[in-house]
Amino acid sequence: MRNRKLSGAHFFIKSTTKCGRKRMSGTGKRKEKNGTENGVRKRGLEQNRCVNQKRCGSCRYLSLTYEQQLAKKEEYVRKSLEKGLVKRVMPVIGMDDPYHYRNKVTAVFARDRKGNPVSGVYEGGTHHVLPVEECLIEDALADKIIGTIRGMLKSFKIWIYDEDTRRGLLRYVLVRRGFTTGQVMVVLVTASPVFPSKKNFVQALLREHPEITTVVQNINPRTDSLILGDRQQVLYGKGYIEDVLCGCTFRISPSSFYQINPVQTEKLYGKAIELAALTGKEKVIDAYCGIGTIGLIAASRPEGRKAGSVLSIELNPDAVRDAITNAKRNGIDNVRFFRADAGEFMEKMAAQGARADVLFMDPPRSGSTEAFMRSAAKLGPDRIVYISCNPETLGRDLKVFRKLGYQAGEVWPVDMFPWTESCEAVCLLTREPVMRAGKR
(Lines of atoms letter the chains of each structure in order from A and count residues from 1; the text may use other names and numbers.)
(Lines give C-alpha, C1' and ligand atoms only; values in the text may rest on other atoms or scores of the structure.)
Protein backbone atom coordinates (compact mmCIF):
# COMPACT_ATOMS: atom_id res chain seq x y z
CA MET A 1 0.00 0.00 0.00
CA ARG A 2 1.03 3.61 -0.52
CA ASN A 3 2.78 6.15 1.94
CA ARG A 4 -9.62 4.53 21.55
CA LYS A 5 -12.73 2.95 21.94
CA LEU A 6 -15.63 5.06 20.76
CA SER A 7 -19.10 4.92 22.18
CA GLY A 8 -22.24 4.92 20.12
CA ALA A 9 -22.92 3.95 16.53
CA HIS A 10 -21.48 5.85 13.58
CA PHE A 11 -23.70 6.69 10.64
CA PHE A 12 -23.19 7.44 6.99
CA ILE A 13 -25.00 10.70 6.38
CA LYS A 14 -26.99 12.10 3.55
CA SER A 15 -24.39 14.00 1.54
CA THR A 16 -24.51 16.63 -1.15
CA THR A 17 -22.81 15.17 -4.20
CA LYS A 18 -22.39 16.22 -7.80
CA CYS A 19 -22.06 19.75 -6.36
CA GLY A 20 -25.72 20.30 -5.68
CA ARG A 21 -27.51 17.10 -6.67
CA LYS A 22 -28.44 15.18 -3.56
CA ARG A 23 -28.38 11.46 -3.07
CA MET A 24 -27.94 9.07 -0.23
CA SER A 25 -24.49 7.65 0.44
CA GLY A 26 -25.08 4.19 -0.92
CA THR A 27 -25.23 2.01 -3.98
CA GLY A 28 -28.51 0.25 -3.43
CA LYS A 29 -26.93 -2.70 -1.64
CA ARG A 30 -28.43 -3.94 1.60
CA LYS A 31 -27.12 -2.00 4.57
CA GLU A 32 -26.70 -2.62 8.27
CA LYS A 33 -28.78 -0.56 10.65
CA ASN A 34 -25.86 1.86 11.02
CA GLY A 35 -25.74 2.48 7.27
CA THR A 36 -22.57 0.55 6.44
CA GLU A 37 -22.77 -1.70 3.41
CA ASN A 38 -22.26 -5.39 4.15
CA GLY A 39 -19.68 -5.64 1.38
CA VAL A 40 -17.54 -2.81 2.71
CA ARG A 41 -17.85 -4.01 6.31
CA LYS A 42 -16.86 -7.57 5.37
CA ARG A 43 -13.95 -6.52 3.21
CA GLY A 44 -12.63 -4.24 5.91
CA LEU A 45 -12.39 -7.21 8.27
CA GLU A 46 -11.44 -10.09 5.98
CA GLN A 47 -10.14 -9.01 2.61
CA ASN A 48 -7.88 -6.02 3.23
CA ARG A 49 -4.70 -7.98 2.71
CA CYS A 50 -1.60 -5.95 1.92
CA VAL A 51 1.85 -7.50 2.25
CA ASN A 52 3.38 -4.03 2.51
CA GLN A 53 1.04 -2.54 5.09
CA LYS A 54 3.51 -2.33 7.98
CA ARG A 55 6.50 -1.24 5.88
CA CYS A 56 4.65 1.25 3.69
CA GLY A 57 2.89 2.92 6.59
CA SER A 58 0.20 4.70 4.59
CA CYS A 59 -2.95 2.64 5.17
CA ARG A 60 -2.95 2.31 8.93
CA TYR A 61 -6.67 1.53 9.15
CA LEU A 62 -6.82 -1.65 7.05
CA SER A 63 -7.53 -3.75 10.13
CA LEU A 64 -10.69 -1.73 10.83
CA THR A 65 -14.10 -1.83 9.22
CA TYR A 66 -14.89 1.27 7.21
CA GLU A 67 -17.45 2.27 9.83
CA GLN A 68 -14.80 2.09 12.56
CA GLN A 69 -12.30 4.23 10.70
CA LEU A 70 -14.91 6.91 9.99
CA ALA A 71 -15.63 7.04 13.71
CA LYS A 72 -11.92 7.43 14.47
CA LYS A 73 -11.60 10.22 11.94
CA GLU A 74 -14.58 12.07 13.37
CA GLU A 75 -13.02 11.82 16.80
CA TYR A 76 -9.68 13.05 15.41
CA VAL A 77 -11.32 16.13 13.92
CA ARG A 78 -13.21 16.80 17.14
CA LYS A 79 -10.06 16.53 19.27
CA SER A 80 -8.18 18.84 16.91
CA LEU A 81 -10.67 21.64 17.56
CA GLU A 82 -10.72 23.45 20.88
CA LYS A 83 -13.97 23.08 22.80
CA GLY A 84 -16.32 25.92 21.96
CA LEU A 85 -14.36 26.87 18.85
CA VAL A 86 -17.02 25.50 16.48
CA LYS A 87 -20.74 24.91 16.73
CA ARG A 88 -20.35 21.16 16.26
CA VAL A 89 -18.51 18.49 14.27
CA MET A 90 -20.79 16.62 11.90
CA PRO A 91 -20.48 12.90 11.03
CA VAL A 92 -17.81 12.16 8.42
CA ILE A 93 -19.03 12.12 4.81
CA GLY A 94 -17.83 8.68 3.75
CA MET A 95 -17.22 6.93 0.45
CA ASP A 96 -19.53 4.27 -0.99
CA ASP A 97 -16.71 2.16 -2.46
CA PRO A 98 -13.49 3.16 -0.67
CA TYR A 99 -11.05 1.27 -2.90
CA HIS A 100 -8.82 2.14 -5.89
CA TYR A 101 -9.77 5.80 -5.57
CA ARG A 102 -6.38 7.40 -6.25
CA ASN A 103 -6.43 8.79 -9.79
CA LYS A 104 -2.75 9.76 -9.54
CA VAL A 105 -0.14 7.06 -8.96
CA THR A 106 3.61 7.68 -8.69
CA ALA A 107 6.13 4.84 -8.68
CA VAL A 108 9.84 5.16 -7.94
CA PHE A 109 12.13 2.75 -9.80
CA ALA A 110 15.19 0.88 -8.51
CA ARG A 111 16.97 -2.46 -8.85
CA ASP A 112 16.88 -5.37 -6.44
CA ARG A 113 19.96 -7.28 -5.28
CA LYS A 114 19.91 -9.39 -8.43
CA GLY A 115 19.79 -6.34 -10.65
CA ASN A 116 16.16 -6.77 -11.65
CA PRO A 117 14.02 -3.64 -11.99
CA VAL A 118 11.50 -2.99 -9.22
CA SER A 119 8.98 -0.21 -8.75
CA GLY A 120 7.01 0.99 -5.78
CA VAL A 121 7.31 3.47 -2.94
CA TYR A 122 9.97 4.53 -0.52
CA GLU A 123 9.71 2.57 2.70
CA GLY A 124 8.63 4.84 5.53
CA GLY A 125 11.47 7.10 6.68
CA THR A 126 14.00 5.66 4.22
CA HIS A 127 15.08 5.81 0.59
CA HIS A 128 14.76 2.07 0.25
CA VAL A 129 12.29 1.20 -2.51
CA LEU A 130 9.50 -1.10 -1.36
CA PRO A 131 8.24 -3.09 -4.38
CA VAL A 132 4.51 -2.60 -5.03
CA GLU A 133 2.71 -4.41 -7.84
CA GLU A 134 -0.85 -3.58 -6.86
CA CYS A 135 -2.47 -1.43 -4.22
CA LEU A 136 -5.96 -1.36 -2.73
CA ILE A 137 -6.23 2.42 -2.93
CA GLU A 138 -4.54 3.09 -6.28
CA ASP A 139 -6.20 3.10 -9.68
CA ALA A 140 -5.91 -0.50 -10.87
CA LEU A 141 -5.16 0.43 -14.49
CA ALA A 142 -2.36 2.75 -13.36
CA ASP A 143 -0.76 -0.12 -11.45
CA LYS A 144 -0.96 -2.33 -14.55
CA ILE A 145 0.65 0.33 -16.74
CA ILE A 146 3.50 0.76 -14.27
CA GLY A 147 3.98 -3.01 -14.23
CA THR A 148 4.10 -3.08 -18.03
CA ILE A 149 6.77 -0.36 -18.09
CA ARG A 150 8.80 -2.24 -15.49
CA GLY A 151 8.69 -5.34 -17.67
CA MET A 152 9.85 -3.42 -20.77
CA LEU A 153 13.01 -1.92 -19.30
CA LYS A 154 15.36 -4.85 -19.88
CA SER A 155 14.39 -5.44 -23.49
CA PHE A 156 14.88 -1.74 -24.29
CA LYS A 157 18.10 -1.60 -22.25
CA ILE A 158 16.87 1.35 -20.18
CA TRP A 159 18.98 1.86 -17.08
CA ILE A 160 17.29 2.78 -13.84
CA TYR A 161 18.66 5.88 -12.13
CA ASP A 162 20.90 5.25 -9.10
CA GLU A 163 20.75 7.94 -6.42
CA ASP A 164 24.21 7.08 -5.09
CA THR A 165 26.14 7.03 -8.36
CA ARG A 166 23.80 9.49 -10.10
CA ARG A 167 23.88 7.33 -13.18
CA GLY A 168 21.01 5.85 -15.14
CA LEU A 169 17.93 7.23 -16.88
CA LEU A 170 14.50 6.31 -15.47
CA ARG A 171 13.65 7.74 -12.04
CA TYR A 172 9.86 7.70 -11.68
CA VAL A 173 6.69 6.92 -13.57
CA LEU A 174 3.58 8.97 -12.87
CA VAL A 175 0.16 7.90 -14.15
CA ARG A 176 -2.91 10.15 -13.99
CA ARG A 177 -6.38 9.03 -15.01
CA GLY A 178 -9.51 11.07 -15.56
CA PHE A 179 -12.24 9.50 -13.44
CA THR A 180 -15.08 10.68 -15.68
CA THR A 181 -13.35 10.82 -19.06
CA GLY A 182 -11.16 7.74 -18.66
CA GLN A 183 -8.26 9.60 -20.26
CA VAL A 184 -4.83 8.37 -19.17
CA MET A 185 -1.55 10.28 -18.93
CA VAL A 186 1.81 8.57 -18.45
CA VAL A 187 4.77 10.69 -17.35
CA LEU A 188 8.25 9.16 -17.64
CA VAL A 189 10.58 11.06 -15.31
CA THR A 190 14.18 10.77 -16.50
CA ALA A 191 17.49 12.14 -15.28
CA SER A 192 18.51 13.16 -18.79
CA PRO A 193 16.71 14.39 -21.92
CA VAL A 194 18.52 11.69 -23.91
CA PHE A 195 16.05 8.78 -24.12
CA PRO A 196 17.31 6.06 -26.50
CA SER A 197 14.62 4.42 -28.67
CA LYS A 198 11.92 6.52 -27.03
CA LYS A 199 9.68 6.36 -30.10
CA ASN A 200 9.81 2.56 -30.18
CA PHE A 201 9.37 2.43 -26.40
CA VAL A 202 6.21 4.52 -26.54
CA GLN A 203 4.82 2.51 -29.46
CA ALA A 204 5.39 -0.74 -27.55
CA LEU A 205 3.68 0.71 -24.47
CA LEU A 206 0.68 1.82 -26.52
CA ARG A 207 0.32 -1.64 -28.04
CA GLU A 208 -0.06 -3.04 -24.53
CA HIS A 209 -2.27 -0.19 -23.32
CA PRO A 210 -4.12 1.52 -26.19
CA GLU A 211 -6.23 3.35 -23.60
CA ILE A 212 -3.29 5.69 -22.89
CA THR A 213 -4.15 9.19 -24.11
CA THR A 214 -0.80 10.92 -23.80
CA VAL A 215 2.82 10.20 -22.85
CA VAL A 216 5.16 12.90 -21.53
CA GLN A 217 8.87 12.79 -20.73
CA ASN A 218 9.76 14.96 -17.74
CA ILE A 219 13.45 15.74 -17.24
CA ASN A 220 14.63 15.91 -13.63
CA PRO A 221 18.43 16.02 -13.15
CA ARG A 222 18.20 17.38 -9.60
CA THR A 223 19.49 15.56 -6.54
CA ASP A 224 16.69 16.63 -4.18
CA SER A 225 13.48 14.75 -3.37
CA LEU A 226 11.21 16.55 -5.86
CA ILE A 227 9.70 14.13 -8.35
CA LEU A 228 9.11 16.38 -11.35
CA GLY A 229 11.66 18.60 -13.04
CA ASP A 230 11.09 21.91 -14.81
CA ARG A 231 11.44 20.63 -18.39
CA GLN A 232 9.31 18.20 -20.33
CA GLN A 233 8.52 17.08 -23.84
CA VAL A 234 5.42 15.42 -25.21
CA LEU A 235 6.12 12.00 -26.72
CA TYR A 236 2.53 11.14 -27.65
CA GLY A 237 -0.82 12.92 -27.57
CA LYS A 238 -1.52 16.44 -26.31
CA GLY A 239 0.58 16.41 -23.15
CA TYR A 240 -2.43 16.71 -20.86
CA ILE A 241 -5.71 15.00 -20.04
CA GLU A 242 -9.13 16.34 -19.10
CA ASP A 243 -11.60 15.35 -16.44
CA VAL A 244 -15.08 16.51 -15.42
CA LEU A 245 -15.75 17.68 -11.88
CA CYS A 246 -19.08 19.12 -10.72
CA GLY A 247 -20.10 19.69 -14.34
CA CYS A 248 -16.93 21.58 -15.34
CA THR A 249 -14.18 20.20 -17.56
CA PHE A 250 -10.64 20.65 -16.27
CA ARG A 251 -7.32 20.39 -18.08
CA ILE A 252 -4.75 18.41 -16.08
CA SER A 253 -1.06 18.77 -16.91
CA PRO A 254 1.71 16.60 -15.40
CA SER A 255 2.37 19.08 -12.58
CA SER A 256 -1.20 20.34 -12.06
CA PHE A 257 -2.71 20.06 -8.61
CA TYR A 258 -5.93 18.07 -8.93
CA GLN A 259 -7.62 16.21 -6.10
CA ILE A 260 -6.71 12.52 -6.19
CA ASN A 261 -10.17 11.29 -5.15
CA PRO A 262 -12.70 12.86 -7.55
CA VAL A 263 -15.70 11.03 -6.09
CA GLN A 264 -15.15 12.59 -2.67
CA THR A 265 -14.02 15.88 -4.16
CA GLU A 266 -17.50 16.36 -5.61
CA LYS A 267 -18.92 15.87 -2.13
CA LEU A 268 -16.36 18.22 -0.57
CA TYR A 269 -16.85 20.99 -3.12
CA GLY A 270 -20.59 20.44 -3.14
CA LYS A 271 -20.71 21.05 0.60
CA ALA A 272 -18.45 24.10 0.24
CA ILE A 273 -20.72 25.64 -2.42
CA GLU A 274 -23.77 24.86 -0.28
CA LEU A 275 -22.24 26.61 2.74
CA ALA A 276 -21.40 29.67 0.64
CA ALA A 277 -25.15 30.18 -0.01
CA LEU A 278 -24.58 31.97 -3.31
CA THR A 279 -27.46 33.92 -4.86
CA GLY A 280 -25.91 35.24 -8.08
CA LYS A 281 -24.89 38.64 -6.71
CA GLU A 282 -21.84 37.89 -4.58
CA LYS A 283 -18.30 39.05 -5.23
CA VAL A 284 -16.26 35.93 -4.51
CA ILE A 285 -12.54 35.44 -3.94
CA ASP A 286 -10.99 32.02 -4.53
CA ALA A 287 -7.62 32.00 -2.75
CA TYR A 288 -5.09 29.22 -3.32
CA CYS A 289 -7.12 28.53 -6.48
CA GLY A 290 -4.78 26.03 -8.19
CA ILE A 291 -6.18 25.22 -11.64
CA GLY A 292 -9.35 27.12 -10.76
CA THR A 293 -11.59 24.26 -9.67
CA ILE A 294 -13.83 25.61 -6.93
CA GLY A 295 -13.96 29.17 -8.30
CA LEU A 296 -15.02 27.97 -11.74
CA ILE A 297 -17.59 25.63 -10.22
CA ALA A 298 -19.00 28.47 -8.11
CA ALA A 299 -19.16 30.72 -11.18
CA SER A 300 -20.97 28.18 -13.34
CA ARG A 301 -23.83 27.07 -11.09
CA PRO A 302 -27.44 27.64 -12.24
CA GLU A 303 -28.81 31.18 -12.06
CA GLY A 304 -29.67 32.21 -8.53
CA ARG A 305 -27.17 29.76 -7.01
CA LYS A 306 -23.87 30.93 -8.48
CA ALA A 307 -21.35 33.68 -7.83
CA GLY A 308 -21.86 37.06 -9.43
CA SER A 309 -18.13 37.32 -10.08
CA VAL A 310 -15.03 35.44 -8.96
CA LEU A 311 -11.50 36.68 -8.46
CA SER A 312 -9.08 33.73 -8.27
CA ILE A 313 -5.53 34.03 -6.95
CA GLU A 314 -2.69 31.53 -7.40
CA LEU A 315 1.11 31.82 -7.16
CA ASN A 316 2.06 28.86 -9.40
CA PRO A 317 2.33 30.10 -13.02
CA ASP A 318 1.59 26.70 -14.58
CA ALA A 319 -1.57 26.38 -12.51
CA VAL A 320 -2.70 29.87 -13.54
CA ARG A 321 -2.24 29.01 -17.22
CA ASP A 322 -4.30 25.85 -16.76
CA ALA A 323 -6.96 27.82 -14.86
CA ILE A 324 -7.33 30.35 -17.69
CA THR A 325 -7.57 27.49 -20.19
CA ASN A 326 -10.21 25.81 -18.02
CA ALA A 327 -12.32 28.97 -17.90
CA LYS A 328 -12.24 29.26 -21.70
CA ARG A 329 -12.91 25.54 -22.11
CA ASN A 330 -16.09 25.85 -20.04
CA GLY A 331 -17.25 29.17 -21.50
CA ILE A 332 -17.06 30.92 -18.12
CA ASP A 333 -16.49 34.67 -18.38
CA ASN A 334 -17.21 35.92 -14.86
CA VAL A 335 -13.88 34.76 -13.38
CA ARG A 336 -10.57 36.64 -13.39
CA PHE A 337 -7.24 35.02 -12.52
CA PHE A 338 -4.21 36.66 -10.94
CA ARG A 339 -0.76 35.21 -10.39
CA ALA A 340 0.23 36.46 -6.95
CA ASP A 341 0.66 35.62 -3.30
CA ALA A 342 -2.93 35.57 -2.08
CA GLY A 343 -2.25 37.34 1.21
CA GLU A 344 -0.26 40.17 -0.36
CA PHE A 345 -2.79 40.55 -3.17
CA MET A 346 -5.73 40.82 -0.77
CA GLU A 347 -3.81 43.30 1.39
CA LYS A 348 -3.46 45.58 -1.63
CA MET A 349 -7.13 45.10 -2.48
CA ALA A 350 -8.17 46.13 1.02
CA ALA A 351 -5.88 49.19 0.89
CA GLN A 352 -7.70 50.26 -2.27
CA GLY A 353 -11.07 49.97 -0.55
CA ALA A 354 -12.13 46.73 -2.23
CA ARG A 355 -14.62 44.42 -0.55
CA ALA A 356 -15.71 40.80 -0.99
CA ASP A 357 -18.87 38.95 -0.01
CA VAL A 358 -17.54 35.37 0.08
CA LEU A 359 -14.02 33.96 0.39
CA PHE A 360 -13.09 30.37 -0.48
CA MET A 361 -9.77 29.24 0.94
CA ASP A 362 -8.09 25.86 0.51
CA PRO A 363 -4.59 26.15 2.03
CA PRO A 364 -1.90 23.42 2.13
CA ARG A 365 -1.43 21.06 5.09
CA SER A 366 0.59 23.71 6.90
CA GLY A 367 -2.57 25.80 6.99
CA SER A 368 -2.90 29.50 6.39
CA THR A 369 -0.79 32.35 7.79
CA GLU A 370 -1.77 35.15 10.15
CA ALA A 371 -0.87 37.66 7.46
CA PHE A 372 -3.26 35.98 5.02
CA MET A 373 -6.07 35.83 7.57
CA ARG A 374 -5.64 39.47 8.54
CA SER A 375 -5.76 40.41 4.85
CA ALA A 376 -8.89 38.32 4.39
CA ALA A 377 -10.64 40.00 7.32
CA LYS A 378 -9.83 43.48 5.97
CA LEU A 379 -11.86 42.67 2.84
CA GLY A 380 -14.88 42.17 5.11
CA PRO A 381 -16.47 39.04 3.59
CA ASP A 382 -19.71 38.01 5.26
CA ARG A 383 -18.84 34.35 4.74
CA ILE A 384 -15.51 32.49 4.62
CA VAL A 385 -15.57 28.87 3.46
CA TYR A 386 -12.45 27.13 4.76
CA ILE A 387 -11.47 23.81 3.15
CA SER A 388 -8.84 22.06 5.24
CA CYS A 389 -6.65 19.01 4.64
CA ASN A 390 -5.29 19.12 8.19
CA PRO A 391 -7.73 19.40 11.14
CA GLU A 392 -4.91 20.44 13.47
CA THR A 393 -3.95 23.53 11.47
CA LEU A 394 -7.65 24.20 10.92
CA GLY A 395 -8.09 24.42 14.68
CA ARG A 396 -5.14 26.79 14.94
CA ASP A 397 -6.43 29.05 12.14
CA LEU A 398 -9.99 29.18 13.48
CA LYS A 399 -8.62 30.70 16.70
CA VAL A 400 -7.02 33.48 14.67
CA PHE A 401 -10.21 34.11 12.74
CA ARG A 402 -12.16 34.28 15.99
CA LYS A 403 -9.91 37.13 17.16
CA LEU A 404 -10.59 38.83 13.82
CA GLY A 405 -14.35 38.70 14.40
CA TYR A 406 -15.32 35.47 12.61
CA GLN A 407 -17.14 32.57 14.22
CA ALA A 408 -17.03 29.00 12.87
CA GLY A 409 -20.27 27.06 12.58
CA GLU A 410 -20.53 23.37 11.76
CA VAL A 411 -17.45 21.47 10.60
CA TRP A 412 -18.06 18.79 7.96
CA PRO A 413 -15.30 16.16 7.79
CA VAL A 414 -14.93 14.41 4.42
CA ASP A 415 -13.06 11.12 4.01
CA MET A 416 -10.87 11.89 1.00
CA PHE A 417 -8.33 9.15 1.78
CA PRO A 418 -10.01 5.94 2.99
CA TRP A 419 -7.86 3.49 5.01
CA THR A 420 -5.37 6.23 5.91
CA GLU A 421 -5.37 8.44 8.99
CA SER A 422 -5.96 11.61 6.95
CA CYS A 423 -9.25 13.47 6.90
CA GLU A 424 -10.29 16.72 5.22
CA ALA A 425 -12.94 19.10 6.46
CA VAL A 426 -14.91 22.14 5.37
CA CYS A 427 -16.51 24.77 7.56
CA LEU A 428 -18.26 28.11 7.27
CA LEU A 429 -17.10 31.18 9.17
CA THR A 430 -19.43 34.16 9.50
CA ARG A 431 -18.81 37.66 10.77
CA GLU A 432 -20.09 38.38 14.24
CA PRO A 433 -23.05 40.83 14.38
CA VAL A 434 -21.01 43.68 15.81
CA MET A 435 -18.73 43.45 12.79
CA ARG A 436 -21.56 43.33 10.26
CA ALA A 437 -23.00 46.58 11.56
CA GLY A 438 -19.90 48.46 10.49
CA LYS A 439 -19.82 47.18 6.92
CA ARG A 440 -19.96 49.82 4.22
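Every residue gets a Cβ built from N, Cα and C, even glycine.
Annotations in TrEMBL come from automatic prediction, not curation.
For the S-adenosyl-L-methionine site, TrEMBL gives Q259, E314, D362; the one candidate out of Y172, Y288, Y386, Y406 that the record lists there too is Y288. Shown are the binding-site residues E314, D362; the one with the most C-beta atoms within 10 angstroms of its own C-beta is E314. The closest partner of C389 (active site) among the binding-site residues, by CA position, is D362; the full candidate set was Q259, Y288, E314, D362. Largest Cα-Cα distance over the residues recorded as binding S-adenosyl-L-methionine, namely Q259, Y288, E314, D362, equals 16 Å. C389 (active site): 21 other CB atoms within 10 A of its CB, across all protein chains. For Q259 (S-adenosyl-L-methionine binding site), applying a Cβ distance below 8 Å and a minimum sequence separation of six or more within one chain yields L245, T265, L268, T293, M416.
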